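Student: For reference, the structure I am asking about is given below.
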Amino acid sequence: MQTVPLEEALQGLQDRQKENDMIVNSGLEMFTTLFGWMFYDFIWEILVKTGIVLIPFIMIIITTMIESRQSGDSGSTALGMIRTLEIRLLLAFFVVLFAAQPIVTLTVNEVTYTPRAIRGLPTQTEHPHDNNTTYGSISFKNYPESVKVPLLWYATLNTITGINRSVMEAVPPIKDFRTYINQMRLVSINDDYVRQETNQFYTDCFVPARSKYYDDEPGSTAVTERLEEYGREDPEWIGSRIYSEVPGYYDKLRAETPVKGFPYNATRDKEWEADDPGRPEFGRPNCREWWNTLREKLVEQDKEAGLWTNFINYDWDEGQRKDNLVKNILSRDPPKIVKRGPYYAYLNGAGEDGDRSLLQDVRDIVGWLAIFGEAATHETFLSVFLKIEDELQALVLMGIFALLPFLVLFMGFKIESMLYGVILLVSVKILSLLWFLAWWVDNNLLLAMYPETGMMATSLAGSADLAALDLRALLSTLTGSLHIILPLIFFMIASYAGVNMSGISDMVSSTAQRWKQASENMNRNAINTTVEGYKWNQRRKQNNERKEENREQRGNERSQMRSEWRAELRKHREEIRKELNQR
């Protein structure tokens, strides 16, 4: 599988959004999502039918009236109170419409889950009706076929989930080595007969072959090639390619006693005549054919052998994969010498050459116990956390979905409730991406330190070597802490955003207060302007009246003067006429 370009990942996200699919992060989350929104619908319906949703609106009206009465005289604040009340009620209705009232229908077929890309494993989209779990059939039965979701929460979930999936698909895929190691650590020999047969093979074949190898110190081309290909430690385990493939070792050695599963062969088992009545049912195979059969029996001890042998280094052939699986099984359940013959004393002598001498065990045990305790603690935490993180997230989200009505209700249908709800949902949903990044880093570090996955399996899964245990503790501590540190970093960012939004809320409240004050000032100015205009009109009217009176007075005076002048003129004319008549 190759890396998906970011453009293709985003295009896939857009296609999913066009189909109105809600993508979830686990099989359990498909059902917790449906049940969580079902609980939300029930709770919201109860709040509506009981009239509890009206309480915030009543509180808005009461607080607005109180604030308005406290701000100044009633004549100048009435209009400001009305405008403030309009704004607050409109914002509350906006919150109810987009963040409280369920309006988007989410059907069961629109909830999908696609496992993240893991190299070597196929992916398949699952639906609640069709999934590879017991959810929906045994547990979480009777899930709703459709639920209603508020528009804001639906858009938030789709957006953040789409971002998560786009990043996950754009990141180069890698095999899940951590799960592989944890699985390999649990493998051991469960069949007592297979364990007994392994011990017999160890005693009859491996011990003589190993002794011959170190006695002869062969330097042939065949031995050198296998040491270069399979490593210098190849002669140290019972499935050594040198012993099983190079002539002179397993092909020349045979079981000391008859082995079940290998019928008597007259050509091979010449210790008994074919017609001998005391001849055993089974014969003594040579170690090469015995090992080929025993290896298959050991592989079958792992129920997931088919999966994990295909999972180990994809450049190896099937034989190499099986060898590494068997190495891990034997490191967890090492073979023991069968207590017979001279080899038992030889291999367990203090200070003598052998696979594990008594003195070597004594020297290692103190340091091994100390490091093992530390490694076990960190690996147990990491193993458990990796198994429950998706389920934990799904259950937390279900609780958040169910309780969202109380968030918007208790905050009085304020805009801040929408912002806090978005931060809460994003903070929980983003955990999938953060845990994915921690998982991806973990597996890349494992691959970087152990380029050969077979070495990784034997060193980290079951080895009791002190260096391997120390490295296991180091890796588990480092990568396990990422699953905690990355969410903590994001929560710090989210909390900082929440504080800033609180400041924004204060700023909005302050702005609203200033708007209210400005509105009151405008009302006061309008009233003052109206009064001044009235007074001005009155003064102008009075002036006009005075001007009219003055005009009338002057007209009367002119008329009187004109009358007096005319009277004087007539009088003068009369006097002149009388003088003329006298003459």
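Think of each number as a place in line: the chain as shown, counted from 1.
Glycine residues also receive a Cβ, built from the backbone N, Cα and C atoms like all the rest.
As annotated in TrEMBL:
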| type | residues | note |
| --- | --- | --- |
| DOMAIN | 29-513 | domain 'TraG N-terminal Proteobacteria' |
| TRANSMEM | 46-66 | transmembrane segment |
| TRANSMEM | 87-108 | transmembrane segment |
| TRANSMEM | 392-411 | transmembrane segment |
| TRANSMEM | 418-441 | transmembrane segment |
| TRANSMEM | 480-499 | transmembrane segment |
| REGION | 537-567 | region 'Disordered' |
| COMPBIAS | 542-567 | compositional bias 'Basic and acidic residues' |
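A description of the local structural setting of each listed feature is requested, covering burial, neighbours and distances.
Tutor: Below 8 angstroms of C-beta separation, residues 22, 34, 37, 40-41, 44, 53, 56-57, 60-61, 64, 127-129, 143-154, 405, 408-409, 412-415, 417-418, 421, 512, 515 of the same chain, each at least six residues beyond the ends of the transmembrane segment (87-108), sit close to that stretch.
If one looks beyond the transmembrane segment (418-441) by at least 6 residues along the same chain, the residues whose Cβ comes under 8 Å of a Cβ in the stretch are 25, 95, 98-99, 116, 152-153, 156-157, 160-161, 163-164, 167-168, 171, 174, 176, 178, 386, 389-390, 393, 396-397, 400, 404, 407-408, 411, 479, 482-483, 486-487, 490-491, 494, 497-498, 501.
Helix, strand and coil residue tallies for the compositional bias 'Basic and acidic residues' (542-567), in that order: 26 helix, 0 strand, 0 coil [DSSP].
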Student: Please report, as numbers and ranges, the same-chain residues at least 6 past the borders of the transmembrane segment (46-66) whose CB is under 8 Å from any CB of it.
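Tutor: Hits for the transmembrane segment (46-66): 81, 84-85, 88-89, 92, 96, 100, 405, 409, 412-413.
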